[in-house]
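Contents: one structure, followed by commentary.
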Protein chains: 2
Amino acid sequence: MTQPVIKVAIAGYGNLGRGAQAAINQSPDMQLVGVFSRRDPASVTLIDNSVPVYSMDDIAQYKDEIDVLILCGGSKSDLPEQGPKLAGLFNIVDSFDTHAKIPEYYESLDTPAKQAGKVALLSVGWDPGLFSINRLYGEAILPVGETYTFWGKGLSQGHSDAVRRVDGVKSGVQYTLPSESAMERVRSGEQPTLSTREKHTRECYVVLEDGADEETVRNAIVTMPDYFADYDTTVHFIDQQTFDRDHQKMPHGGFVIRSGVSGTENEKNNQTIEFSLKLGSNPEFTSSVLVAYARAVYKMNLAGETGAKTVFDVAPGLLSSKSPAQLRKELL
Amino acid sequence: MTQPVIKVAIAGYGNLGRGAQAAINQSPDMQLVGVFSRRDPASVTLIDNSVPVYSMDDIAQYKDEIDVLILCGGSKSDLPEQGPKLAGLFNIVDSFDTHAKIPEYYESLDTPAKQAGKVALLSVGWDPGLFSINRLYGEAILPVGETYTFWGKGLSQGHSDAVRRVDGVKSGVQYTLPSESAMERVRSGEQPTLSTREKHTRECYVVLEDGADEETVRNAIVTMPDYFADYDTTVHFIDQQTFDRDHQKMPHGGFVIRSGVSGTENEKNNQTIEFSLKLGSNPEFTSSVLVAYARAVYKMNLAGETGAKTVFDVAPGLLSSKSPAQLRKELL
């Protein structure tokens with residue numbers, strides 16, 4: 001391939017930023033040119049020292065040296081503040097994942113990106129992201145049917161925090177699991193009505209403080225309103241060593257299932273489309289999606305597109321480093 | 001919704017054409033305006049008589065009355081002949097599925113479509129089609145990894161014909177099944193090297209002629225070179241009534257699995273993306289995909305695009321009857 005190398009930078013260097021650097025290292029058509037951080041650059045340790053770390057305060061100086069900037073900040077406060085500013089300077093891609101605020105955030109990026117002649121691709125990752133695309137494909141292809149999203153097996157940060165707040169808990173994590181029985185009902189074509197809590201179960205792994213009582217802690221967890229009371233919750237007690245060995249990763253995943261019906265009133269046929277992810281590392285996977293879409297952002301802007309975009313606006317071929325002719329020959 | 005209704009016609013009325021009519025009936029933003037057939041129009045019976053049947057010879061007369069023409073002919077002889085001609089008259093979408101000839105067929109549509117200012121979308125369905133898109137997403141997002149395509153459980157026309165040619169077979173069908181053990185190896189992250197025959201098993205249902213011998217027939221099938229000899233093949237003998245009741249449908253499906261690795265040399269994580277279909281009717285599902293993409297063809301041409309296109313060129317949002325703002329709010 002003699003295509004140009006895409007110059008990419010990362011803004012924000014937590015789990016997502018580290019994952020983005022690792023994913024760029026797997027992409028020969030991309031070059032990481034720098035990492036921007038709000039911390040003192042000297043204090044930021046990269047997964048490898050191939051690029052400089054700059055202060056976020058100086059980012060505007062690098063306006064002409066970066067083809068796409070990958071925003072790796074959080075959705076709660078980082079992105080709403082940084083996104084609109086950076087969209088006026090760079091082509092950007094982010095993983096904004098507060099579903100209810102997407103329309104508002106979209107608008108906040110669209111104007112600066114259009115004025116700057118840049119593309120701002122928001123809410124990239126797996127949900128929102130690949131799951132959203134599969135929800136869309138499912139209902140567009142099988143308009144008569146139901147779509148089901150299940151999450152897990154995955155570490156839930158909010159619920160893990162809730163477990164750790166319980167008296168007597170030294171260390172704790174919580175995994176959300178899709179309910180196997182609910183998934184089988186969906187796959188059968190039955191099209192059941194299921195609440196979020198009917199679709200999921202919860203599993204906790206807890207290390208007790210010295211002297212704490214198992215049954216008291218278990219009871220405090222499984223009866224906790226909002227978090228656990230309405231779910232089928234299992235609590236496992238383990239020692240610190242097991243906890244440190246087996247529960248330091250951030251696995252996640254889930255399923256999008258479209259159960260539809262085709263044919264005529266007299267002769268109907270069930271049709272099922274299923275998409276699933278089993279992720280060893282949730283942040284690294286999200287970063288991998290961000291990096292593939294950074295490539296698409298570059299191509300879209302090169303083709304003259306500007307303004308805010310979502311994964312729904314991105315043709316699949318733009319994600320690949322291969323040419324359209326090569327894709328038709330090798331992958332179609 | 002006050003959007004315009006898309007005027008669609010069907011060229012060719014076999015299983016795919018019937019499925020397309022059923023799928024259009026499920027799409028309130030589309031109107032079927034006619035069916036074209038090479039047979040005597042009076043001899044063509046539609047699934048409902050809501051539209052006229054015309055002779056294919058007269059199709060050019062309807063040039064200005066059709067927004068998108070869905071070609072429902074076969075890939076072997078119908079589409080290579082009809083596609084290039086019709087691409088010069090209409091926006092078209094087809095399900096050309098001879099993988100090796102896609103680049104050549106693409107070229108044969110591109111010039112007439114461009115000259116006519118139309119869009120010609122080829123090779124739409126599930127493989128090529130949705131499976132292709134998932135192969136692309138998989139390798140673009142997880143560049144370090146392997147992609148596996150499994151087919152089935154599905155009726156194979158060619159293998160069923162082979163079974164029926166065996167002496168002593170009165171009725172017969174053959175289903176291709178994905179090998180469960182091969183799929184488990186792939187899902188584990190092992191990234192095994194697997195041939196097509198290691199990935200699939202074959203299952204035959206046979207009704208014997210009077211006086212035919214089970215073991216002779218079974219042996220003739222399982223040892224048949226090219227078709228069965230190299231596969232794990234099971235033959236079930238059933239009576240005609242069971243055959244007629246249980247084996248008249250055309251189920252199919254399959255799996256596309258991307259098994260990849262993210263992270264760094266020192267800390268790798270397995271990541272698995274899986275897409276699967278379980279189809280009660282293979283032709284009806286292919287038709288449903290064709291109809292959703294007919295909507296995209298209409299929008300792309302309206303936006304000024306022309307020439308040959310594949311599913312890789314179609315942004316997901318174009319498949320939906322919902323507006324971009326509605327999609328962002330409801331599905332992202």
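Just so it is clear, glycine is given a Cβ too, placed from its N, Cα and C backbone atoms.
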Point to revise | Same substrate site per TrEMBL - residue from B:Thr111, B:Thr176, B:Thr306, B:Thr310 joining B:Trp151, B:Arg202, B:His252, B:Asn282 | key: B:Thr176
Check your understanding: Across the record's substrate-binding residues B:Trp151, B:Thr176, B:Arg202, B:His252, B:Asn282, the largest CA-CA distance in angstrom?
Key -> 18
Review point. So of all those binding-site residues, B:Trp151, B:Thr176, B:Arg202, B:His252, B:Asn282, which one's Cα sits nearest to B:Leu16 (NADP(+) binding site)?
Key: B:Asn282
Practice item. Express the distance between the Cα positions of B:Thr176 (substrate binding site) and B:Arg39 (NADP(+) binding site) as a whole number of Å. Key: 33
Point to revise | Between B:His252 (substrate binding site) and B:Tyr13 (NADP(+) binding site): CA-CA distance (Å) | key: 21
Check your understanding: In whole Å, how far is B:Phe96 (NADP(+) binding site) from B:His252 (substrate binding site) when you measure between their Cα atoms?
Key -> 18
Practice item. Could you work out which of the binding-site residues (B:Gly74, B:Gly125, B:Pro128) has its C-beta surrounded by the smallest number of other C-beta atoms within 10 A? Key: B:Gly74
